[in-house]
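This report refers to the structure that appears directly beneath it.
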Amino acid sequence: MEPGAKSEAKQGEAGSGAVGGGGGSSSKVYHERQRLQFCLLHALNNLMQEKECFTRAELGRIAGNLVLSDPNKDQWTPLSFIFRPHHNVLTGNYDVNVLITALEARKKKVVWHDRRKGASSIDLDGEALVGLMINVPIRRFRGLWTGRHWVAIRSIDGVWFNLDSDLSEPKQFKDKENVIAFLDSSLSQGGELMVVLQDE
């Protein structure tokens, strides 16, 4: 068995980090914590609510296969073997192509949301809706380093949660209006939103 990334997983630690009420509990919510730049790995497992539904090895293989079809391979430099087009070999940092390919392998469809329509145009009650993936700009080390971060948002037993791997625990949304406000805020700050659906 190929080694996967070890994740700090928490299951069942709701508390002061919860956002609002909503009558739900995070006691049955699976939540992986951030390690290095493997936020896509953690976000995918949080979205699917399953430990090691995806592994570092699997995402690495997907990124490698995408590289094989890269039409610009002849322009690579020696550093390209570490900072590859779809991920960083050492730290992760996977791109949207890896996300889409990984979810399609689980019979999921990824639809890029048109930010001009706003989050209110998303049917949060849709039967085919699995959850949402957001890619947001971030600053670390007092703004000396900038990058992007993957976040999973989904409903569990009728309650919506922010499953950001940077959080110490899942954050419960008060209601769907609170979810929409959060998504609109993320979009206004340069975030990209993807709707994950069960493929028919």
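Every residue number used here counts from 1 along the chain in the order it is shown.
Placement of Cβ uses the backbone N, Cα and C atoms for every residue, glycine included.
What TrEMBL says about this one:
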| type | residues | note |
| --- | --- | --- |
| COMPBIAS | 1-11 | compositional bias 'Basic and acidic residues' |
| REGION | 1-26 | region 'Disordered' |
| COMPBIAS | 14-25 | compositional bias 'Gly residues' |
| DOMAIN | 26-200 | domain 'Josephin' |
| ACT_SITE | CYS39 | active site |
| ACT_SITE | HIS149 | active site |
| ACT_SITE | ASP164 | active site |
Alpha-carbon spacing, CYS39 (active site) to HIS149 (active site), which is rounded to whole Å: 6
Residues satisfying Cβ distance under 8 Å from ASP164 (active site), sequence separation of at least 6: HIS149, VAL151, ALA152, LYS171
Cβ packing number for CYS39 (active site), 10 Å threshold: 27
